[in-house]
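Novice: Let me begin by handing over the structure; questions about it come next.
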Amino acid sequence: MENPINNIYPINEIFQTIQGEGVFTGVPAIFIRLQGCPVGCPWCDTQHTWYQHQERQVALSEVVEKAAPSDTWAGVTAASIVAELQQRGYQAKHVVITGGEPAMYDLRELATALEHNGYQLQIETSGTFAIQTSADTWVTVSPKLNMPGGYLVRPDCMQRANEIKYPVAMQKHIDEFDKLLQVCPPAATAVIALQPISQRPRATQLAMQVCIERNWRLSVQMHKYLNIE
Ligand SMILES: C[S@@+](CC[C@H](N)C(=O)[O-])C[C@H]1O[C@@H](n2cnc3c(N)ncnc32)[C@H](O)[C@@H]1O
Ligand SMILES: Nc1nc2[nH]cc(C(=O)O)c2c(=O)[nH]1
Ligand code: SF4
Ligand SMILES: [Mg+2]
């Protein structure tokens, strides 16, 4: 049955590009970026999505294919989001819901609407909020440990993850991740990847070395090397 609730999702931007991170790297994808995140990672790529200011609310047409990142957002229903993707003639069938922190919102209605229209869904989440999405959603958890917002990574998120993509810059981060894997073990089938923070050469060197030692994957934010969105 269709979820009868008409959730309003705060959309920061919608764009079509190539997935640059994790297991689906290289796959053409439509990105839906939601506004709002309280986790506070100091090196966050998308700090313009942290706050949801009422006075920055705009129409949906203004957040589709933004010329530059901004903190404007539009409140949109699942049906209107699907209609917008179809109207824009996007060819990608892989949809990535990111943010901001998408797990702050109940994504079930949006997931159902997208799947009914032939899209395959992936979400990118920090693992600090309960994940409410469809059973078929590919869940990428990028755990955030000891961040200023004080949020904890949830064991249920680690269990649900199809992919764990951990951002690293120094050995301390690896040690913290090892502790997390012990306390909150992922499913045996979960793919584990390390993602160097902000393309820093030392972070990349460390991530490569640990991936080889542990037989984990490397995820390098390909879109930044290609200078695409
Ligand atoms: C911007 S976050 C949004 C989704 C969610 N809040 C999260 O953290 O997963 C999307 C992805 O970008 C990663 N990320 C953000 N800033 C980064 C940076 N400077 N270097 C490497 N990865 C970064 C996050 O770890 C996450 O995997
Ligand atoms: N190309 C591209 N790939 C991405 N993978 C995850 C992203 C994100 O911001 O969540 C992202 C992004 O912003 N662009
Ligand atoms: S959890 Fe994600 S969106 Fe929030 S600050 Fe960290 S990287 Fe940025
Ligand atoms: Mg990004």
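Keep in mind that glycine also has a Cβ here, set from the backbone N, Cα and C atoms.
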Novice: Which candidate from Gly75, Gly100 does TrEMBL annotate alongside Trp43, Cys44, Asp45, Ser142, Pro143, Lys144 at the S-adenosyl-L-methionine binding site?
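Specialist: Candidate listed by TrEMBL for the same site: Gly100.
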Novice: TrEMBL has Ile18, Gln19, Gly20, Thr98 down as binding substrate; which of Arg33, Arg56, Arg88 does it also list for that site?
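Specialist: According to TrEMBL, the candidate sharing the substrate site with Ile18, Gln19, Gly20, Thr98 is Arg33.
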Novice: Would you mind sorting out which binding-site residues among Gly20, Arg33, Asp45 put a C-beta under 6 angstroms from ligand 1?
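Specialist: Cβ under 6 Å from ligand 1: Asp45.
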Novice: Can you give me the residues near the recorded [4Fe-4S] cluster site, meaning same chain, not Cys37, Cys41, Cys44 themselves, Cβ no more than 8 Å from the center of the site's Cβ atoms?
Specialist: Val39, Gly40, Asp45, Thr46, Gln47, Trp50, Glu101, Ser126, Lys144, Met147
Novice: From the binding-site residues listed here (Ile18, Gln19, Gly20, Thr98, Ser142, Pro143), select those whose CB sits under 6 A from an atom of ligand 3.
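Specialist: Within range of ligand 3: none.
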Novice: Those binding-site residues, Gly20, Cys44, Thr98: which ones have a Cβ sitting under 6 Å from ligand 2?
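Specialist: Only Gly20, Thr98 meet the Cβ criterion.
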